[in-house]
Ligand code: PNS
């Protein structure tokens, strides 16, 4: 059984992330979306909220699970018996950082492979931080994040 882990901050999940999840779920037997618990970086949503938002928009994918992890990704992979890291690549600017992480993870555990999927061109400009900025200044976030979570994002940005 091929288990892949799709790690990230997901603060919040965007349509770009969801596109990778949908495609990844078709390629792997099981896909674990893993939200990083980063104590140094306070996000808009806390980790439990991020997990819940991802669960809300992936509930129809039977082979997708959502979890959180802290520490090294490679340790989480071992715990889950997974040996593929799935990442999305948007633009050349992503490459350097992703290349470094893939090599580091492979050095930490040579059994682990990182598989990259090219982001759908439609979402190549999209990032969680851009969504937060647009929402903060009252811009429209339709088509940037899944419809089901638009009210959650707006409410959170307004501090309600
Ligand atoms: O969505 P992001 O913020 O680009 O995701 C980054 C993430 C979570 C994939 C990365 O920070 C990560 O894997 N962190 C865990 C720490 C780790 O394993 N570091 C070693 C690889 S350099």
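Cβ coordinates are placed from backbone N, Cα and C, and glycine is handled just like the others.
The feature substrate binding site is assigned by TrEMBL to 9, 41, 73, 87. If you look up TrEMBL, you'll see 9, 10, 17, 88, 89, 90, 98, 123, 124, 125, 126, 127, 128, 129 marked as ATP binding site. Annotation comment: TrEMBL describes 5-133 as domain 'Cytidyltransferase-like'. The site 'Transition state stabilizer' annotation in TrEMBL covers 17.
The predicted model assigns the domain 'Cytidyltransferase-like' (5-133) a mean pLDDT of 96. Within the set of binding-site residues (9, 124, 128), the lowest number of other Cβ atoms found within 10 Å of a Cβ is recorded at 124. Highlighted here are the binding-site residues (9, 98, 126) whose C-beta falls below 6 Å from ligand 1: 9, in sequence order. Ranking the binding-site residues 73, 89, 126 by how many other Cβ atoms lie within 10 angstroms of each Cβ puts 89 at the bottom.
In this structure, the binding-site residues under consideration are 17, 41, 87, and the one with the smallest number of other Cβ atoms within 10 Å of its Cβ is 41.
For the domain 'Cytidyltransferase-like' (5-133), residue counts in helix, strand and coil come to 59 helix, 29 strand, 41 coil, using DSSP. For the pair residue 126 (ATP binding site) and residue 9 (substrate binding site), the Cα-Cα distance reads 14 Å.
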